[in-house]
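Everything on this sheet refers to the single structure shown next.
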Amino acid sequence: MAGLAAGVLVGIVGAWTILITPGLLAVLAAQVPLSDQQLGYVAAWDINAMALTIGISTFLLPRWDWRLCVAAGLSLIFLGNVATAFSASYGAVAAARAIAGMGEGIAVGFAFAAFGRAANPDRAFAIYLVTGALSGALALLYLPTLQERFGTQALFMVNGAFALIAAAGLRWFPHGRVAADDPRATAQVKKRLAVLSLLGVFFYFGAISAMWSYAERIGQSSGLDADQIARGLAFGTFAGMAGAALAGLTPRRFGRVWPLAMSGAVSVISFRMLDGHLAPTIFIVAMILLLFAWNYAQPLLSGVCSDADPKGRVVCAMGSIQTFGMGFGPAAVALTLGSGSFSIAIWGSCAVLAASLLIVIAGIRTSS
């Protein structure tokens, strides 16, 4: 239990940028005068740096002590957030977030590998997501108030302090060694399932990130004030907690195909609700549906990747692939904003998300 708790804390610190992306972009916009396009590119720098080091972590898993690697990652998160606090230009902010992103990737990669080796990976990921959703919801709810009271620099310094707190619990984090007589030592990768699931994960998270990253800006474009937007994001994140919990409680006999298909339908509905002029209630409902479906699907997708390789390499690679997708999403949206409308991005996200889950389902079908 202590090992799981340490893994959850490391995973949340690593994924913090993704958990609060809309709020983070709002804080950055208050600190440095950035356009919507520049904000999207800053998010992409952070998230793509994260994806790169998750990918590197996949190769480090069987070779290096996990605790030492995570300690290095947490150090980068601390340094990147301190640098962000004192950045005053687009270039400086992008560089600082890239440093933080590299550390975030190491933390997430090794945390995912630890969850993938659990006796019940779906449940381990669900616990992580519930805890992350709860902490993210509270952060998004109170960010406007905290920013007004303490300023933007203090918030980034606190983000850095979280990394130091996680480092204090590394003595309980798994070391990563596998005994010679452990069945996982000789386990083989199911290549077709691995390829299709990772491909689907990339496009799924790209579509989700396209909407999640710009949720605050979409609300603002409809004239919603900061408190209304914060409530929508916070309520949505609480709904995400419920979605992750439901995924952990879903009986295994139901499989993963129909649950994934239903989550996809709910996601598309939530995307379409964001098109056009939004009333506060519509924005809140859209956020609730989006975060519920996203967090319901995540443990299922992680379970599929865990099935592809019991050693945890594919699920660690999933962390990299999904993070590249998360970085691709806001960058892709930024390219469509020349008209000043989010409609193209919304329709495109609907199509990409539906296609992504069809790819994953095809992988499940062919491997069963």
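In case you wondered, yes, glycine gets a Cβ from its N, Cα and C as well.
Confidence over the domain 'Major facilitator superfamily (MFS) profile' (1-368), given as mean pLDDT on the 0 to 100 scale, stands at 87. Per TrEMBL, domain 'Major facilitator superfamily (MFS) profile' is recorded for 1-368.
Residues 14, 17-18, 21, 24-25, 28-29, 69, 73, 90, 93-95, 97-106, 108-110, 112-113, 176, 209, 213-214, 217, 311-313, 316-317, 319-324, 326-328, 330-331, 333-334 of the same chain lie 6+ residues outside the transmembrane segment (39-61) yet bring a C-beta within less than 8 angstroms of a C-beta in it. Per TrEMBL, the feature transmembrane segment maps to 39-61 (among others).
Feature annotation from TrEMBL assigns transmembrane segment to 68-88 (among others).
Residues or ranges marked as transmembrane segment in TrEMBL: 94-113 (among others). Sequence-distant neighbours of the transmembrane segment (94-113) (same chain, 6+ residues past either end, Cβ-Cβ under 8 Å): 7-8, 10-11, 13-17, 41-43, 45-58, 61, 66, 69-70, 72-81, 83-84, 87, 128, 163, 166, 173, 176, 302, 312-313, 315-316, 318-320, 323.
Residues annotated as transmembrane segment in TrEMBL: 125-143 (among others). Long-range contacts of the transmembrane segment (125-143) within its own chain (CB-CB distance under 8 A, at least 6 residues past either end) are made by residues 4, 7-8, 11-12, 15-16, 19-20, 22-23, 26-27, 111, 115, 155, 230-231, 233-238, 240-241, 243-245, 247-249, 291, 295, 298-299, 302-303.
Outside the transmembrane segment (155-173) by six or more residues, the chain places 2-3, 5-7, 9-10, 13, 16, 27, 66-67, 70-71, 74-75, 77-82, 84-85, 103, 107, 110, 114, 143, 146-147 with a CB less than 8 A from a CB of the stretch. The transmembrane segment annotation in TrEMBL covers 155-173 (among others).
Per TrEMBL, transmembrane segment is recorded for 193-212 (among others).
What TrEMBL lists as transmembrane segment is 232-250 (among others).
Per TrEMBL, transmembrane segment is recorded for 257-274 (among others).
Annotation comment: TrEMBL describes 280-302 (among others) as transmembrane segment. Outside the transmembrane segment (280-302), and at least 6 residues removed from its termini, the chain residues within Cβ reach (under 8 Å) are 112, 115-116, 121-123, 125-126, 129, 133, 197, 200-201, 204, 208, 211-212, 215, 218-219, 222, 224, 228-229, 231-233, 235-237, 239-244, 246-248, 256, 259-260, 263-264, 266-267, 269-271, 273-274, 315, 318, 322, 357, 360.
Taken from TrEMBL, the feature transmembrane segment applies to 314-338 (among others).
Summarising the annotation, TrEMBL assigns transmembrane segment to 344-364 (among others).
Contact count against the transmembrane segment (193-212) (Cβ pairs under 8 Å) is highest for 314-338, out of 68-88, 232-250, 257-274, 314-338.
A contact between the transmembrane segment (344-364) and the transmembrane segment (232-250) is absent, since fewer than 3 of their C-beta pairs, 6 or more residues apart, lie under 8 Å.
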